[in-house]
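What follows is one structure encoded as structure tokens, with my remarks underneath.
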Amino acid sequence: MNIAIVGTGYVGLVTGTCLADFGNHVICVDIDEKKVEMMREGHVPIYEPGLEEVFLRNIKANRIEFTTNIKDALDVCDVVFLALPTPPGEDGSADLSYVIGVANQIGELMTSYKVIVNKSTVPVGTADKVHEVIASKTTIKFDVVSNPEFLREGYAVQDFMKPSRVVVGTSSQKALDMMNRIYKPLTEAGIPVIAMDEKSSELTKYAANSFLATKITFMNEVANFCELVGADVDKVRLGMGSDDRIGNRFLFPGIGYGGSCFPKDVKALVKSGKQENYQFKVLEAVEEVNQTQKVILVPAIKEYLGGSLQGKKIAMWGLAFKENTDDIREASSLDMIEELTNQGASVIAYDSAAMPNVKRAIGDKIEYGDDMYEILNDADVLLVVTEWSEFRNPKYEVIAEKLKNKAIFDGRNLYDLEVLEEKGFFYKSIGRKTVLPST
Ligand SMILES: NC(=O)c1ccc[n+]([C@@H]2O[C@H](COP(=O)([O-])OP(=O)(O)OC[C@H]3O[C@@H](n4cnc5c(N)ncnc54)[C@H](O)[C@@H]3O)[C@@H](O)[C@H]2O)c1
Ligand SMILES: O=c1ccn([C@@H]2O[C@H](COP(=O)(O)OP(=O)(O)O[C@H]3O[C@H](CO)[C@@H](O)[C@H](O)[C@H]3O)[C@@H](O)[C@H]2O)c(=O)[nH]1
């Protein structure tokens, strides 16, 4: 099948590359000329482990091409996926201007029947809006489908190739048949395609992300309570998660959820509720708790350092919102940097992937280092922010030798309490006993 992908970011490029790998001919469209040029030259413009190999394989097989001209794609493709940004507007609702803008272009330029598939995360009713916009520009037949994407950054290719399900929202049997053809390689591997109406499909995406954000936030509150009563959240997590009605995944407490999706999607669902005079009380609380959780270690560092952060130097391991990505959107690192520097501390950070993005965002507000151990020189304490594997088994002797104080504040619970106790560190993590040095 000939497939167009409009918007070649995380979702679009992964979708396009994987659909090409299923044997389709894919044309990727993006307005960013630099990005298109890079892709034409065989470079993946985003940091996504595992993507380059599949990308290059399909370029070599001439199954994927790139253009800035949407007309080129519309002339030859039967199915047009929209993978466009839907950032939060000023009031928290999803900004649909990219999606509606491209819908207008499609209406003006299409010359034959098309299935327009919306992969962006959009509020309930967007498929109807897109339908209206296109229909106002053309008399040619078309269908609009909602097909939300559930991939995670850092695991995007495996999530696309082996999702737990594919959700397809459409009221057109013809469009559903085409979607079933596209996803046949997945259904043949036992992955269900769940068909439903457009609105239910659109809401499924927000409900899934909001539920996962709630699950994490609930565990963060349990962790905070564990600290007050002397329980260990890791044990509570195992005890709870073994009940398969609860499940072990997304129960890891930490320094709040970030990224380009959970924060914006929770906000957008709260806003959609308000527009219907409905108050999502649980989600409002989730947002509030998450904001506090992101900086929860700052007062602990301040207390450890004698009640003031003025003139103190904090070494930070990790800046990305999670491991395996260079993405810093809504990353807890940024909230902590803001809070620490506002209180007079300086920060020196190391992250193997996210430093260029942080430099672009906040420049020399902090210092950067190329070596995870060198940034510890003369720092007062170590703050672990992202769960990159390279931080999991560090050289404790080097940390102890370089830091002014043998103190680690860990937002990801990476280390064993017993090991840190034996090594003589002060060690504060989330929802577990604080390890105090014996002397
Ligand atoms: N990033 C994720 O992990 C993820 C996962 C699931 C769903 N989503 C949703 O998918 C959508 C896209 O997210 P993303 O992270 O891929 O965004 P992104 O910002 O990485 O990519 C969007 C791309 O669209 C391009 N673009 C903008 N306007 C355009 C236009 N008029 N024509 C052609 N291209 C245009 C941009 O240049 C950019 O390359 C959002 O709604 C997001 O919420 C994202
Ligand atoms: O047990 C957990 C799991 C995650 N997180 C945090 O939650 C955030 C989001 O993590 P993750 O879900 O792995 O990353 P995303 O790439 O943002 O993926 C989410 O957002 C995407 C965009 O909508 C969806 O497609 C995915 O299904 C959904 O998992 C990060 O800050 C993580 O550190 C925790 O604190 N504890």
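The backbone N, Cα and C atoms fix where each Cβ goes, glycine too.
Within 10 Å of the Cβ of CYS261 (active site, nucleophile) there are 23 other Cβ atoms, across all protein chains. CYS261 (active site, nucleophile) falls within neither a helix nor a strand when secondary structure is assigned with DSSP, and so counts as coil. Marked as active site, nucleophile by TrEMBL: CYS261.
Taken from TrEMBL, the feature NAD(+) binding site applies to ASP30, LYS35, THR86, THR121, GLU153, LYS264, ARG329. Around THR86 (NAD(+) binding site), a 10 Å sphere centred on its CB holds 22 further CB atoms from the protein chains shown.
The secondary structure of ARG152 (substrate binding site), as reduced to three states from DSSP, is coil rather than helix or strand. The substrate binding site annotation in TrEMBL covers PHE150, LEU151, ARG152, GLU153, LYS205, PHE250, LEU251, PHE252, PRO253, GLY254, GLY258, LYS322.
Helix first, then strand, then coil: DSSP counts for the domain 'UDP-glucose/GDP-mannose dehydrogenase C-terminal' (315-417) stand at 36 helix, 18 strand, 49 coil. According to TrEMBL, the feature domain 'UDP-glucose/GDP-mannose dehydrogenase C-terminal' maps to 315-417.
Less than 6 Å separates the Cβ from ligand 2 in the case of ARG152, GLU153, CYS261, drawn from the recorded positions ASP30, ARG152, GLU153, CYS261, ARG329 in sequence order. Ranked by Cα separation from LYS205 (substrate binding site), the binding-site residues ASP30, GLU153, LYS264 are led by LYS264. Local packing around the binding-site residues LYS35, ARG152, LYS205, LYS264 was summarised as the count of other Cβ atoms within 10 Å of each Cβ; on this measure the leading residue is LYS205. Residues PHE150, LEU151, ARG152, GLU153, LYS205, PHE250, LEU251, PHE252, PRO253, GLY254, GLY258, LYS322, recorded as binding substrate, reach a greatest CA to CA spacing of 24 Å. For ligand 1, the nearby binding-site residues are ASP30; that is, of ASP30, LYS205, GLY258, these have a C-beta under 6 Å from one of its atoms.
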